[in-house]
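Novice: As annotated in TrEMBL:
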DOMAIN    42-290  domain 'G-protein coupled receptors family 1 profile'
TRANSMEM  30-50  transmembrane segment
TRANSMEM  62-79  transmembrane segment
TRANSMEM  99-121  transmembrane segment
TRANSMEM  141-163  transmembrane segment
TRANSMEM  197-225  transmembrane segment
TRANSMEM  237-261  transmembrane segment
TRANSMEM  273-292  transmembrane segment
Amino acid sequence: MELWNSSTWGSSFILVGILNDSGAPELLCAMITFLYILALASNGLLLLVITMDVRLQVPMYLLLRQLSLMDLLFTSVVTPKTLLDYLRRENSISFGGCALQMFLALTLGGAEDLLLAFMAYDRYVAICHPLNYMIFMKPRVCWLMVATSWILASLSALGYTVYTMHYPYCKAQIKHLLCEIPPLLKLTCTDTSRYELMVYVMGVTFLIPPLAAILASYTLILFTVLHMPSNEGKKKALLTCSSHLTVVGMFYGAATFMYVLPSSFHSPKQDNIISVFYTIVTPALNPLIYSLRNKEVMGALRRVLGKHLLPTHSAF
């Protein structure tokens, strides 16, 4: 097979995303545009409220602010280019642009993976050890969690990106929404089975321990909640935790499908749908899941925006 020279910064790939394979691309484009605007507005508003309202300057909301920031950046790495490419009928992405997009997507996805585990630990401490909450979750510890999420994820992403992009590529057409490892490896001219195995093992290593920590945290939380004497306390604890578990389920479900399931279970169409889910749908839904069911956030929203914009008799 003739080698396509992809290993230079001047060469380009062709991203054949979900809009190109859709039977109704205009409708899908409108839906993606709506979800992106929703993600920008809801995550931006949540960031503003948590930053401006002093009552939300506690570890739980500082971690939630980081989650909103990650979601905002994650969807912005992918969605604007997807929409512009469709409108301009130009789907190319440079070699360097592909590497940058992969690095950013892996960094943000990995950071969110770790942050969700830290958020579960925060809920465990708040519900199971409320008297010691500000000892275990003092600001220094909270910021250490945030820094650990960003640093470990960026180092992992850098290693993956450099190694993936060093391969020679024989094809230019990426049948995927964005530059990610699995679809890119299908275009290489060499045997990548060992690297694919390493990606699988590292994917399991990066996803399973945080997921196990989340499940352990919520198991202990459930036991504690069941022994609470107050029904109101039980309801509040379960409501807070159910929001987090919903986000965890959406994120880890998509990540497991993409990076843990063997490649034989994948098809380009399935991968495109899953990638839309975790890069566009989930970032739009996360802030709504956390805020609409949270009285403290909605109260802060009223205080920040003013009662004339969001009346106190609102259903929220």
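Backbone N, Cα and C atoms are what each Cβ position is placed from, and that goes for glycine too.
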Novice: Could you check whether the transmembrane segment (141-163) packs against the transmembrane segment (30-50) - three or more CB pairs closer than 8 Å, residues at least 6 apart in sequence?
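Specialist: No; fewer than 3 Cβ pairs under 8 Å.
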Novice: Looking at the transmembrane segment (99-121) and the transmembrane segment (30-50), are there 3+ C-beta pairs under 8 A, with each pair at least 6 apart in sequence?
Specialist: no
Novice: Per the definition of 3+ C-beta pairs under 8 A with sequence separation of 6 or more, do the transmembrane segment (273-292) and the transmembrane segment (197-225) touch?
Specialist: no
